[in-house]
Amino acid sequence: MDILLANPRGFCAGVNRAIQIVDRALELFGAPIYVRHEVVHNRHVVEDLRARGAIFVEELDEVPDAATVIFSAHGVPIAVREHAAARGLSVFDATCPLVTKVHMEVKKYSRDGMEMVLIGHAGHPEVEGTMGQVEEGMMYLVSNVSDVATLAPRNPDKLAYITQTTLSMDDTAEVIVALRSRFPLIEGPKKDDICYATQNRQDAVKSLAPDVDILLVVGAPNSSNSSRLAELGTRLGTQTHLIEDAQQLRREWFEGVGKIGISAGASAPESLVQEIMDTLRGWGARVPQEMPGVEEKVTFSLPLALIQAQTRREGA
């Protein structure tokens with residue numbers, strides 16, 4: 001069996017930044033450090049940080065007074081920021097800068113008196129954070145083309161759309177076409193809201209999937225971008241499995257298989273890919289082959305407040 005590795009795969013700049021923020025906070029302030037929601041959607045990453053003293057909570061009411069709290073990469077509603085400020089909590093924001101970009105678009109449209117349509121998945125923390133940037137009733141959530149048909153904005157001539165950053169590019173394009181067809185004056189962002197890492201990983205799977213007999217996507221089931229990769233592989237007609245780690249591999253999947261493709265969602269560490277390859281090689285697979293792909297050079301700086309805290313400590 002041959003193993004073909006999608007490129008790029010795994011951690012994106014926003015995930016790297018979020019994990020570094022928790023790491024640095026633990027180093028500077030010691031445990032416990034509170035994190036609102038899983039900092040990224042990967043059980044292995046969360047368990048590692050938890051073992052080092054991070055405490056993951058869903059609401060700020062679970063955070064004691066005078067504690068340090070970190071907001072996850074997915075972003076938070078304005079009300080959460082206000083709650084933290086009112087309590088005087090020490091906050092470091094791990095919101096991905098590309099999610100923050102969407103929030104800034106929301107604020108601009110809101111200042112212009114426009115209602116908004118958010119293309120996204122109900123219940124996802126990024127969607128909750130984005131919808132929480134405006135008053136209730138100012139933003140409508142749609143997940144697919146069918147949802148567009150039932151939209152009833154108060155003023156169809158003053159409407160804008162934004163998107164969750166981790167969606168299927170193809171599905172989102174179809175929804176945007178439906179929105180523009182029904183609301184010809186609808187405005188949208190100058191640059192696509194779907195993040196570069198999501199686009200690159202989907203493009204890599206599109207290139208890889210037709211050439212393999214089975215595709216493994218490494219990622220958590222609650223990871224939006226990982227789930228979209230698995231859906232894409234299936235849509236392209238390739239037997240596809242979304243797995244969290246090597247323990248979820250099943251030997252019978254590979255009976256009669258000649259080529260195995262492997263990709264990984266933006267919140268999946270490369271160590272998990274390596275463990276999966278080790279297991280497959282134990283079952284007779286050959287040395288993995290890296291496929292050509294886009295080289296990602298994007299990096300995001302840490303929050304200024306965290307950098308300043310480290311500078312003060314080093315100067316003490």
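In case you wondered, yes, glycine gets a Cβ from its N, Cα and C as well.
Cβ environment of Cys195 ([4Fe-4S] cluster binding site): Cys12, Gly14, Cys96, Leu98, Thr165, Thr166 lie under 8 Å away, each six or more residues apart in the same chain. Marked as [4Fe-4S] cluster binding site by Swiss-Prot: Cys12, Cys96, Cys195.
A 10 Å cutoff on Cβ-Cβ distances gives Ser224 (dimethylallyl diphosphate binding site) a total of 26 other Cβ atoms nearby, all chains included. Look at Swiss-Prot and you will find His41, His74, His124, Ser223, Ser224, Asn225, Ser267 tagged as dimethylallyl diphosphate binding site.
According to Swiss-Prot, the feature (2E)-4-hydroxy-3-methylbut-2-enyl diphosphate binding site maps to His41, His74, His124, Thr165, Ser223, Ser224, Asn225, Ser267, an assignment based on sequence analysis.
What Swiss-Prot records for His41, His74, His124, Ser223, Ser224, Asn225, Ser267 is isopentenyl diphosphate binding site. Sequence-distant neighbours of His124 (dimethylallyl diphosphate binding site) (same chain, 6+ residues apart, CB-CB distance under 8 A): His74, Gln164, Ser224.
The feature active site, proton donor is assigned by Swiss-Prot to Glu126, with sequence analysis given as support. Counted within 10 Å of its Cβ, the other Cβ atoms near Glu126 (active site, proton donor) come to 23, all protein chains included. Look at Glu126 (active site, proton donor): DSSP puts it in a helix.
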CB-centroid shell, 8 A cutoff, dimethylallyl diphosphate site His41, His74, His124, Ser223, Ser224, Asn225, Ser267, site residues removed: Val40, Glu126, Thr166, Ala220, Asn222, Ser226, Ser227, Gly265, Ala266
Neighbouring C-beta atoms (10 Å sphere around the C-beta of His74 (dimethylallyl diphosphate binding site)): 28
Cβ within 8 Å of the mean position of the Cβ atoms of Cys12, Cys96, Cys195: remaining residues of the chain near [4Fe-4S] cluster: Ala13, Gly14, Val15, Ala73, Pro97, Leu98, Val99, Thr165, Thr166, Tyr196, Ala197, Thr198, Ala266
Assigned element (helix, strand, coil) containing Cys12 ([4Fe-4S] cluster binding site), judged by DSSP: coil
